[in-house]
Amino acid sequence: MSKRTDYISWDEYFMGVALLSGKRSKDPSTQVGACIVNQQNKIVGVGYNGLPIGISDDQFPWQNEGNFLETKYPYVCHAELNAILNNIGINLSGCKIYTALFPCNECSKAIIQSGISEVIYLSDKYAGKENFIAAKRMLQTAGIRLRKMTPGVNEVTLSFDEKGV
Ligand SMILES: O=c1[nH]c(=O)n([C@H]2C[C@H](O)[C@@H](COP(=O)(O)O)O2)cc1CO
Ligand SMILES: [Zn+2]
């Protein structure tokens, strides 16, 4: 038997973990996941957008418009920040962060302060918004490598069917 050739790349694997993590999000409109990887290609932090610990998913709003205090925006913790805060307790200097969405300005500050040196993202759909212009300005000035991922496969399917293992 010769070795498989259709295995996923490291980029696809880590972005896949980020996307899988996003599946835990309760946000009805946008589910974001992030995955932090060290220089030995080991996963050291994962997160998704959700409410802070101890704040009920059922008692806080998920609306994305209307009175600010009645929307999710002041309360939700972004995937990237959660991945940083959820890390296994190491110094993140030199690590990479995989994130489905280009990070906002607040997450970018946390990324820079944590020592992460590369951001790999799938979508930059908010590129024109001021928060993201500020994010890019900070990340570039801080010398963080920014890379839009070009996946070699369009999707990866997971099956929980025991017969598929
Ligand atoms: O980089 C990000 N990471 C992240 O976790 N989020 C979260 C916050 C919200 O729960 C959701 C964005 O919601 P919406 O697309 O409805 O504005 O995604 C949003 C961004 C981009 O702002
Ligand atoms: Zn953010």
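Note: Cβ is positioned from N, Cα and C throughout, glycine not excepted.
TrEMBL annotations: computationally assigned, not manually curated.
Pulled from TrEMBL:
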DOMAIN    9-146  domain 'CMP/dCMP-type deaminase'
BINDING   His78, Cys104, Cys107  Zn(2+) binding site
ACT_SITE  Glu80  active site, proton donor
Other residues, Cβ within 8 Å of His78, Cys104, Cys107 Cβ centroid (Zn(2+) site): Ala79, Glu80, Leu81, Pro103, Asn105, Glu106, Ser108, Ala110, Ala135
Most Cβ neighbours inside 10 Å, all chains, among the binding-site residues Cys104, Cys107: Cys107
Winner by Cβ contact number (other Cβ atoms within 10 Å) across the recorded positions His78, Glu80: Glu80
Between Cys104 (Zn(2+) binding site) and the residue listed as 'active site, proton donor', the C-alpha gap once rounded to whole angstrom: 9
